[in-house]
Amino acid sequence: MDQPSSSRPEEHVSIPDLTGVHPAWLPPGVFRAIGARRVLVLGDGPLTGTVRAEAEQACARHGGALEQDGTGSPDLVLALSAAAGQTPAARELLAGQGGSAVGEEGYLLARRDGVTVVLADDSAGLLYGLFHVVRLGEEAFTGERPAERHRPAARRRMLDHWDNIDVHPVMGQVERGYSGGSIFWRDGGPRGDLARVRAYARLLAATGVNAVTVNNVNVHATESRLLTDRLGDVAAIADEVRPYGIRVHLSVSFASPIRLGGLPTADPLDERVREWWARTTEQVYAAIPDFGGYVVKADSEGQPGPFAYGRSHADGANTLADALAPFGGVVHWRAFVYNHRQDWRDRSTDRARAAYDHFAPLDGRFRDNAILQVKHGPMDFQTREPVSPVIAAMPSTRLAVELQVTQEYTGQQRHVCYLAPMWKEVLGFGPWGADGRTVADVATGASGDGGGLVAVSNVGDDFYWTGHPLAQANLYAFGRLAWDPRLEPAALLDEWIDLTFAPAAGGDPGPLRRTLHALMDGSWRTYERYTAPLGVGFMVRPGHHYGPDVDGYEYTPWGTYHFADRDGAGVDRTRASGTGFTGQYPRPWSEVYESLGTCPDELLLFFHHVPYGHVLRDGATVIQHIYDTHFAGVEEVAESRRLWERADPGDPALHARVKELLDEQLRCAEEWRDQVNAYFFRRSGVPDARGRRIP
Ligand code: GCV
């Protein structure tokens, strides 16, 4: 189904041609294979104009030609199935498929008799097909290619921006942003740099992302007004991203009826409140006909919510869902609800339990267009967490799984930390055991109509978009995994390397590819080694969360503890003697995590409090494992730094930026090693079996 048409004439899409910004994975050279050929684009539809404009620009740059009708002999045909009859290659491909291509946002790709054909039922599919040909490059024009069907696993593939319009005194402009200011907002208003917004949409479309939320889930006073009197600012962004198939969503405050509507209450069951949401939403759709919907963080870290009125989160979500339903919109309601004012002395309260305790009893009570957005782990985007038990607990609710591309707890885009391997583990996890459905299956739903995948964006107004140039790979990989969770992290890294670096390297990035794999493939595990051990999490500096502070959160209200004493460390979350969190999982995990004998070592301290002498599966004691991994992690960073010194990315400035960041990563990793090792040595009194220096 095509998106509603916009107020803009889609046939005259201007392709952003930015100078002063890194092209990321779309440098002009990646269009060479297409642009050197005769290209025919057939069909109408909102995004067909974009496909045509892309092809035209590529041809103008690389010497090919855009054909005007189906009478010539094109090398590449990009056709909507409704228009396939206009040229033999597309007509035959369609006939071979029984008359319909592949459904919403999908495309068919085939090559026969020297013609490469992309066929789609809607123009979004055509756009994704075009970018697939871009990824393939010359390969798309070589030999024969039997028809391949490509469809997104999930209909909803969204990036959330935690961007504020105003600069927040503590958080800066982008909450947990490590790439400069917002690409949407500056000095209390829209940036007006709409070319950059469009360039961002283009990059996202090339990965498969089709939705963005343009403001922080922590909705402050100014940002609240994006829903009403500042809606025009949102509409302007929507106009820029629409040609790339991206819908705009808005984070809204649950208290909007009070803040903006002058009502005395935000009670979701109060008729005046329901009416206010309905009326306000109608106005939103009048301004933005393809508006995606709302994102809500309620009763969480100080944000208002339904608890104030004795209502449930289903009551809250449903009121907004009802307002959105007539227009086909959805509300993403976040399950990140916990008590952030916990008494650290209270050993019975376990933050990990909170989302399940609040939401599992509500299963089946959410409207169809209410999507419960669940962080992938039960705590908060730590380097290592188990999968959230909520994902297995709500079979009658549409769930979206939320990942964090921005590296809040994984090096803040100063450290190399390629996150696709972590996401792949999460998405491939079977909450009901190895033979059951996976997390990806739950998120995508049986027919792609699950809540989908959502991630917090890592983009800002930095030249490289992501602060650390190599952090671009995380953004790229998220989009591709949201499109197809079966993709492999190493293969995605190859795609990203080829697109980003091959044109400058004359087509083959060669030795750079090896260096980047050496630096990035294992970088998440390297990061894990030199930071918090065995799944215990946190141990970061409070507030900004960068760098080590083992006890930084230990005596705070945030519910993030490690309980290390002279004898051992870890959180007892068993049913037998702890908080009972293990009981929130179905079998086999409720049993696997409960027992010390079966709990995976990498999550040991997440689930159990164990003595330092506890022996892990590889024969090392917990204390020796802590020492060994921290020394090893630093060595690995030092090796990455050595490798990068010899690398040639074809761009001296990029080389220098990465080098400088690797220096910082090494400094910080040493700091982590020394603080963590010293802390546990002083607590336990157990010396390093290998006699290394622990300060
Ligand atoms: C946007 C963590 C972060 C907060 C973030 C919150 C959330 O607590 O530190 O900055 O707030 O998660 O996901 O809502």
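The backbone N, Cα and C atoms fix where each Cβ goes, and this holds for glycine too.
The model shown is predicted, which means the values in this text are computed figures rather than measured ones.
Annotated domain 'Glycosyl hydrolase family 67 catalytic' per TrEMBL: 149-465, in sequence order. Residues or ranges marked as active site, proton donor by TrEMBL: GLU301. Annotated active site, proton acceptor per TrEMBL: ASP380, GLU408, in sequence order. Taken from TrEMBL, the feature domain 'Glycosyl hydrolase family 67 C-terminal' applies to 466-692.
Shown here: features listed in TrEMBL, placed on the structure.
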residue: GLU301; record: active site, proton donor; Cβ contacts under 8 Å, 6 or more apart: ASN218, HIS340
residue: ASP380; record: active site, proton acceptor; Cβ contacts under 8 Å, 6 or more apart: PHE336, TYR409, THR560
residue: GLU408; record: active site, proton acceptor; Cβ contacts under 8 Å, 6 or more apart: ARG176, PHE381, VAL456, HIS545
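Mean pLDDT, taken over the domain 'Glycosyl hydrolase family 67 catalytic' (149-465), works out to 97 on the 0 to 100 scale.
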